């Protein structure tokens, strides 16, 4: 007893979270888990800042509230981002404190600290989410009314007044300034001195009443300003000086500055744009060829929509939003490659028509065009061509205005930005787990494993990818425990990426945790994180896209999670865990840690041993243990609960009234029947049936497709057909007065080669 008393801290001063956020102190915690564990230091909420709103455009100028922190109104607030960029904060009359977000050349979570003692110390800290300028809601921007008119101003039939509108309550002053800013990139392409800069150019309107609207007749900008053809407008409170950085601001959309271009543009827009197009074409000639290293397109729309680890909907042409494809006539859906190419950070785009066939620029102006600058930017951002949105505008969008929209020289653009076909595209492999957990391996084997614990679903030595699953006991309708389990949490990481965990909370809400902190998707549904991108749909379908091209999709389904993991071909022979060894051979899918295997037709009891063998160890766990329940059952308990024995063969009792309903719901789906019997719930059975169906469809959509590649028409002739996949036939006709030699039709063969010979006229 004496030793226990002796070890008690003797009235130690209470520890503080000042400058300690994220740390575990000896008597209390400043980590995000402390609130649910109830062991926070008393001043945790004061120093570890919660902010509202939590996100805004990378252009900056947005005020956000520091919650739970009261400063006296005379405090001078300094907010410091990334330990170097400082902005002035302010306190309102109620003592509420605000920071202003800075102009950043990157997206993602940006750490910041706050000082109230004139920058002597920065004891308060938090994170701000910087997002792509197009992912910010329209209310936060000023609006170019009839944006097309601004961007075509001075071209034939486009002149008159322009109108700018904004929410006047967003800036709390009676008078405002409206400024023009330009974007450029200086230095040598792809070298150390290549730099990006947003630059204040001039003030369009000074000290005008803050009414929320300005109408004006644009005149050519003075002097050299009129050579800036890509930029943005900024509205600021009238009390600030011209071009002052990181002050409260409302930015417009970035746009082509046709409306302020010089007299030479207005006198003859087509000639001006043609000269610009030719200059761009000459510059492109000297730049490295990025097209050799971008990923090829999926061959079909079904493949493109199924390969969610590597391709994501292009918001400019979305089949789920009615296929409004302005820049791609004839397309119903386009996707963009998620990751930028390795060396040049270039982007890929792929468009498809209503038959699901790829549209190529060689055949149609609606074809997809790859990008020298990836629209979403790419880590580590900061330098060209990796600046989110703006590098892309400079290399791929303003040049489209020069060549295709302001003049009739689109062939030059299409020559530099031709669509990639799909000859080298290889679909990923999919593995899934769902229901009362049923598993489909990458090689297509399926089994049921009802262990209770935390297990390795897949790990790979190729990229240190780890995906782990936690199961919990199902509940019967009367509240007692079922004789089966289901996925309740999935955690994952690749190399040194952020850790993502998706789980059901104790009140059965779906939660997504980023490095142990619960994320909030109310403002942003897409997040650029360390080593991965994260996307959540409104109905909480979570997609994680790792930088290797591997992806995971997690859905909540009837109380259990459904997980699908997609791995590109390079992971062949580099996986282990419950999802098996991905190599196209099912024989070795049940491989234990010590490399022994059991046969494909193993009994459920043998499979139970196989599953138990892949229980994780505490040292390697990616999970967050932030409640008593999780600590007791999973952290301190066994990783595989050997005392829990599931039912291996649920009994179908003909006298059981549930069996008749089960047969009409499940038909021949054995997984659905199993789950209805073990959980006594038709809802769980139906969720399982749908997940099983979705997995089968996904595997079907990811079947490899053979492409023979694009075929040109003969000179002095035409061709019929634009589908270059297995079995399709292209026919050729010569113009009048010409005779055809070679093949009149050619068919795409299983070897990937066209039949017949090249025709000529």
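Any Cβ shown, glycine's included, is placed from N, Cα and C.
The following features are taken from TrEMBL:
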type: DISULFID; residues: 734-761; note: disulfide bond
type: DOMAIN; residues: 13-52; note: domain 'SMB'
type: DOMAIN; residues: 269-417; note: domain 'AMOP'
type: DOMAIN; residues: 429-622; note: domain 'VWFD'
type: DOMAIN; residues: 706-761; note: domain 'Sushi'
**Asked** How many neighbouring Cβ atoms, not counting its own, are there within 10 Å of the Cβ of residue 761 (disulfide bond)?
**Response** 18
**Item:** the domain 'Sushi' (706-761) in contact with the domain 'AMOP' (269-417), cutoff 8 A, at least 3 CB pairs, sep 6+
**Value:** yes
**Fill in**
Model confidence over the domain 'AMOP' (269-417), as mean pLDDT, sits at 95
**Asked** What residues, ordered by sequence, lie under 8 A Cβ-to-Cβ from residue 734 (disulfide bond) and sit at least six positions away in the same chain?
**Response** 714, 716, 717, 740, 761
**Asked** Counting by DSSP, what is the helix, strand and coil composition of the domain 'SMB' (13-52)?
**Response** 8 helix, 6 strand, 26 coil
**Request:** Count up the helix, strand and coil residues in the domain 'AMOP' (269-417) according to DSSP, in that order.
**Result:** 53 helix, 17 strand, 79 coil
